[in-house]
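Feature annotations, courtesy of TrEMBL:
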COMPBIAS  1-19  compositional bias 'Basic and acidic residues'
REGION    1-27  region 'Disordered'
TRANSMEM  38-64  transmembrane segment
TRANSMEM  76-102  transmembrane segment
TRANSMEM  164-185  transmembrane segment
TRANSMEM  197-215  transmembrane segment
TRANSMEM  269-292  transmembrane segment
TRANSMEM  318-344  transmembrane segment
TRANSMEM  364-383  transmembrane segment
TRANSMEM  389-410  transmembrane segment
TRANSMEM  422-445  transmembrane segment
TRANSMEM  451-472  transmembrane segment
């Protein structure tokens, strides 16, 4: 009897220990879920941080790549500077529309929740589908190609670097940035802070140099500034595409609305201060370029900022390609760093492969989403050049910008019950919607290319995916995806960012 009692007591102790170990694991799991969610919504962003985010996100590779393309489309200095200022105005108006949307629907994810509220799940799904496979990866590819051009230019003085060198260097940049952001949030954040500082240094150097040259009387390239301009609907549309690429990121705060402190005040103020500040910088940088280069010389330059540095800062001209490379890498790193948010929000609605919204257990990074973005971006690099990719990107992205702003107008009539802490005049979204339609249609009508048709077909192909996998939810895709998801989870050691704990 004594032995039996001893065995029972030991069994009870073992069960108690097992129970304690199970209970102790539950808080660890819940803590992991909370930490994973904290990655996605880490800090409260104030006014100064909001302005810095807008300025830091917008100023990237565009101002070092687009000046040549804008000038090539309009043909003269005067229209070129006008386009740059007009792009800043359009970005400001568009951002004000997004400010009303962001304070009316306080959800992160950019255009996704606004399209969901205004038009339902199909346009929202098409946006996430296009963003995942077109706009975000192509943006990543363009920035890394820009980095590769500037990084390789000093090694090929007097001639263009070989395309193979540029593409291999761009692919290497994508791989490095993808690895950094997959392995460590802190490392990606520290890298971003350093590269943002480098970005502002080179912008300041170019602007101050230009002001000094103007003060010295270097104004001959601004005489008859509208002479020989070639203005048409198509050329203006393509010039806007390239100019607006440099302003891309004006809606970045709407991707983190849930993280803003006092969004009703800080969102519009960040926009009203941040985007005009960028516009002034961009116009001054272009003026600086024209103080030392004629229109013809600028068009012949492979890397505009490098040519500027060679003529103004010699023998310290090496500073320019170095810091421009830092700037472009910083922009690419920022694009990759924020990759998880849209995927997370779309996955929350069941509009995305679940595994793409998972978070690494050990490193708390959205590793699957980042790796996916990197892989698609490398595919875009192989056949494409920068100008083609910019046109492809701009065409796709302005379809959804216009649709989102149209949703703001629609909700003024269909969702009157929604609280609107910021209410902009209705004329602003009307103007932005009309300009969006012109930007989308003008290049197709005036200079049709197959790339635009492929883009439309790809966007509409998302309807087939939506019907099969989201609407009807057929069992056979789930039978295929479940084991794949399970194996990827084990391979990458990732978990859902947030699970029901009831």
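In case you wondered, yes, glycine gets a Cβ from its N, Cα and C as well.
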### Task
Find the member of 269-292, 364-383, 422-445 that has more C-beta pairs under 8 Å to the transmembrane segment (164-185) than any other listed stretch.
364-383
### Message
So if I exclude everything within five residues of the ends of the transmembrane segment (422-445), which remaining residues of that chain have a CB under 8 angstroms from its CBs? That is, six or more out.
### Response
90, 93-94, 96-97, 99-100, 103-104, 233-234, 236-238, 240-241, 244, 264, 267-268, 391, 394-395, 398-399, 401-402, 405-406, 408-409, 412, 452
### Long-range neighbours of the transmembrane segment (197-215), counting only residues six or more past its ends (CB under 8 A)
56, 59-60, 63, 281, 284-285, 287-289, 291-292, 305, 308, 312-313, 319-320, 323-324, 326-327, 330-331
